[in-house]
Amino acid sequence: MNADLDQMLEPLRQSTRLFDGIEGEDAQRVISWLAVRQLGPGDALVAEGAGPGGCDFVLEGTVEIVIGDHQDAISIRTLEAPTVIGEVSLLTGQERMANVYCVTETLTAHLPAVVFDEHVEQGDPVALRLGLNLGRVASERLHWMRERIQDLPVDVAEELDDSPMSLDVKRRLDVYCKGFLG
């Protein structure tokens, strides 16, 4: 299974910095920490408010990041494989900031927080390198969010009223700021 998972991780290696500096035996060690999960359309990959259970490397499929439930739900972003989900929660130990639902059949490699934390606490250089790389992914996402906020008109706050559309914009701004700026 390690050889299969190694091959499945290749697109993630090519498209992100997640495995920068992690090759050969070190990459095989990381692979040994992962658990493969197969999910279907509509399945929840992550639940908003849940504790930091780990992060998922999305190997196949499409996922949607959503804040809130049902009629209050706000779609933040749709991501296609290869990508990573849950890196902020894994690194900070804080609860999940959003729901993540599978849009299509989705295959992930799950890195449990307890496994990652154990290796970090032992000073494992491979885990520390992976943590650095996950921090880079989180920083890239913060940059993406900043660009979304910068794209808003300067006077947007003055134009917002209590209409459903304005309330939606206010909620999205609140989510963006709370989610990535603390």
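Placed from the backbone N, Cα and C atoms, the Cβ positions cover glycine too.
Here TrEMBL flags 18-118 as domain 'Cyclic nucleotide-binding'.
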Average pLDDT across the domain 'Cyclic nucleotide-binding' (18-118), rounded to a whole number: 91
Tally of DSSP helical, extended and coil residues in the domain 'Cyclic nucleotide-binding' (18-118): 25 helix, 42 strand, 34 coil
